[in-house]
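The following features are taken from TrEMBL:
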- Arg99, Lys139, 144-150, 178-181, Glu186, His209, 262-263: ATP binding site (BINDING)
- 103-292: domain 'ATP-grasp' (DOMAIN)
Amino acid sequence: MDTVGILGGGQLARMLALAAAPLGLRVLVMDTVADACAGQCAPLLVGDYRDEAALAEFAAKAGVATFDFENVPAASAQWLARRIPVYPGPGALAVAQDRLAEKTLFRELGIPVPDFVDVPTREALEAAVARIGTPCILKTRRLGYDGKGQFRIRSTADVGAAWAALGAQAAEVGLILEAFVPFERELSVVAVRGRDGDFRTWPLTENWHVDGVLSASLAPARCEPAIEAQAHAHARALAERLDYTGVFALELFCRDGVLLANELAPRVHNSGHWTIEGAETSQFENHLRAVLGLPLGATRMIGHACMLNWIGAMPDPAPVLREPGGHWHDYGKQARDGRKVGHATLRADTPQALQAALERVGTALERQAQVAPVIERLAG
Ligand code: ATP
Ligand code: MG
Ligand code: MG
């Protein structure tokens, strides 16, 4: 029986472990903390990703390695790749870890991006704000997630505050300034590429964020076929250039009918959680199939799906469980402000039925604000 080693033991590793069981696979998770939530569903090796002894133990037990987060040190991924197959490869991981490298690649491939400038120093920030204009966003090049490591610059008066907030990180993780995009919608394309180059995408997903954290996803996104085709073409170009193996997500802003690439997540993605119940093959199963060199499963949708993230604490499950297409995912984490602790997926055969289910659940859980933009989209 093959053992898939996963670096990182959060909810993504947990859902990969759950998808691995029917395929007859064993999973070994490595994380730096003993209470990593994937450890409830798979054996957990606790160790530092930079510790060669821990990596050696991991490599001795795993036949193939993958990731549940993109910030595994590049040197550790390379160390592992010299011993066991690692998917996606360290090269693809290195690009996706660095906002400057990934945006440069988007541009090279002809994928439109918001204007951006590397910001090594305070003087460079002043010049970058002058060039890009306001509003704009200062972001750490590396290690950011869930909107952390970002500062919105509304006018030039904010430059000092932005540097005070992030300047100390310029030397270690780098900074990048991006134009703020007043987008009409945020979309993502979740895609998978097999070891043999077989490439598939799930239907385009529309996403809503609150304070930089994903709040809700709707699939299929309500948008023109040309937009969807463009998103899929961008994803394919990236996958082929990076010789990518596994699942990834490309986050996009849509403005005036044009797609601008935001970032590439080199892993299964929160905006693809709906695929567990809403697609023929989930992103988790297809990621495992890809890294093992197995044939990929069909990515077609089954009806219409909306995923709602639970941030901070889990709500009462009953209103979702009462829905005929309601599905509950509790990650088994301690409640904590801003933390993703679970999600629900509502699936229905028609947009009208999905809208009605969202109205019932939103009211019962007093989450009207969370479901409102999705309902508005479905109604429009
Ligand atoms: P993730 O958890 O998706 O990895 P992250 O911390 O890497 O998040 P981003 O995806 O860069 O951060 O930004 C989080 C959210 O902030 C975006 O989904 C979008 O809603 C908003 N945002 C980021 N950059 C821009 C931009 N240039 N213009 C407008 N909104 C933006
Ligand atoms: Mg990110
Ligand atoms: Mg993002």
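Glycine too: its Cβ is placed from the backbone N, Cα and C atoms.
Predicted automatically and left uncurated, TrEMBL annotations should be read as such.
A mean pLDDT of 97 is what the model gives for the domain 'ATP-grasp' (103-292). Shown are the binding-site residues Tyr145, Asn262; the one with the most C-beta atoms within 10 angstroms of its own C-beta is Asn262.
Ligand 2 lies under 6 Å from the Cβ of Tyr145, out of the binding-site residues Arg99, Tyr145, Lys148, Glu178, Val181, Asn262.
Around Lys148 (ATP binding site), the same-chain residues at least 6 positions away in sequence with a Cβ under 8 Å from its Cβ are Gly212. Neighbour count (other Cβ atoms within 10 Å of the Cβ, all protein chains): 20 for Glu178 (ATP binding site).
The Cβ of Arg99 (ATP binding site) has 24 neighbouring Cβ atoms from other residues within 10 Å, across all protein chains displayed. Residue environment of Val181 (ATP binding site) contains 18 other Cβ atoms, counted within 10 Å of its Cβ in all protein chains.
Under the three-state DSSP scheme, Glu178 (ATP binding site) falls in the strand class.
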